[in-house]
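See structure below.
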């Protein structure tokens with residue numbers, strides 16, 4: 001118990017909660033200049049600074065030992081996971097909403113229609129893992145993952161209310177291959193560059209960064225989506241309350257929205273989702289910075305466990 005960084009964990013969780021609330025409420029429930037939103041951002045920043053101070057003070061007993069982050073590949077791998085994880089979680093969250101709102105399918109069927117993305121991701125995860133073991137280097141796959149996932153997410157922004165099967169299947173496959181190529185490489189990198197004793201902590205930090213990126217950027221995407229949808233409804237259906245559309249949800253859109261407004265609302269939904277996918281494009285593109293900062297180390301001769 002003496003080695004647990006309980007104060008650090010409590011402070012960091014509090015900082016993340018404040019940041020998530022600010023991102024969730026800002027621009028929707030409250031304006032960005034509202035005192036509540038500003039206070040949440042300030043508190044989050046202060047708590048994060050305190051957390052960093054605690055990590056430096058506790059050294060090897062910290063939640064995130066500073067020596068790990070000082071290792072170049074671990075630092076850039078963490079950034080890569082944070083950004084690519086954010087891109088992935090946004091896409092996985094919002095593609096089913098597009099199917100429900102635009103194609104008017106059930107929540108269950110919308111999940112089935114994302115199989116091209118999931119299947120291509122899983123298959124290429126195995127392929128890239130095996131290729132890394134054979135070839136010896138993981139950095140090329142990180143570049144490939146960043147570039148292809150950015151292209152795939154960019155293609156998702158071209159969705160319209162009349163997009164056909166070949167397009168939504170093909171675009172998902174392109175994005176899934178990109179994510180599958182890059183997602184597991186930071187964990188392979190941590191096992192390659194760290195000492196055996198540090199590998200569990202290093203891997204945990206990278207996985208946490210991926211999850212944190214998803215949590216934070218899904219909140220950002222939700223804000224983008226909500227604001228874009230409200231504007232789209234006001235422009236396309238002036239007589240319809242945007243709040244009513246938001247409450248209706250994507251699944252029951254066809255049965256709740258009056259028929260004379262349905263097409264305009266679907267176009268507003270499509271535009272809002274396209275704007276949301278732009279966040280995924282930006283994150284995938286930015287993740288290439290993480291790839292660029294990696295050391296070119298060979299996995300050959302290392303006991304590397306390729307994540308499934």
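Placed from the backbone N, Cα and C atoms, the Cβ positions cover glycine too.
Those TrEMBL annotations? Automatic predictions, nothing curated.
Annotated transmembrane segment per TrEMBL: 6-25 (among others), in sequence order.
If you look up TrEMBL, you'll see 37-57 (among others) marked as transmembrane segment.
Per TrEMBL, transmembrane segment is recorded for 77-99 (among others). Counting same-chain residues at least six beyond the ends of the transmembrane segment (77-99), those with a Cβ under 8 angstroms from any Cβ of the stretch are 69, 105, 107, 109-111, 113-114, 117, 142, 145-146, 149, 153, 156, 159, 172, 175, 179, 182-183, 185-187, 189-190, 205-207, 209-218, 221, 225, 250, 269-270, 273, 276-277, 279-281, 283-284, 286-287, 289-291, 293-294.
Through the fold, the transmembrane segment (111-131) approaches residues 91-92, 95-96, 99, 103, 105, 141, 145, 168-170, 172-173, 175-177, 179-185, 188, 306-308 of its own chain, all at least 6 residues removed from its boundaries and within a Cβ separation under 8 Å. The transmembrane segment annotation in TrEMBL covers 111-131 (among others).
Summarising the annotation, TrEMBL assigns transmembrane segment to 137-156 (among others). Panel annotation: around the transmembrane segment (137-156), residues 80, 84, 87-88, 91, 95, 128, 131, 167, 170-183, 185-186, 188-189, 192, 274, 277, 280-281, 284-285, 287-288, 290-291, 294, 296-299 of the same chain, lying at least six beyond its termini, place a Cβ under 8 Å from a Cβ of the stretch.
Within its own chain, the transmembrane segment (168-189) is flanked in space by residues 73-74, 77-78, 80-81, 84-85, 87-88, 91, 95, 113-114, 116-125, 127-129, 132, 138-139, 141-142, 144-153, 155-156, 158-159, 203, 206-207, 210, 284, 287, 290-291, 294, 297, 299, 304, 306-307, which lie at least six positions past its ends and keep a Cβ under 8 Å from the stretch. According to TrEMBL, the transmembrane segment annotation covers 168-189 (among others).
What TrEMBL lists as transmembrane segment is 201-221 (among others).
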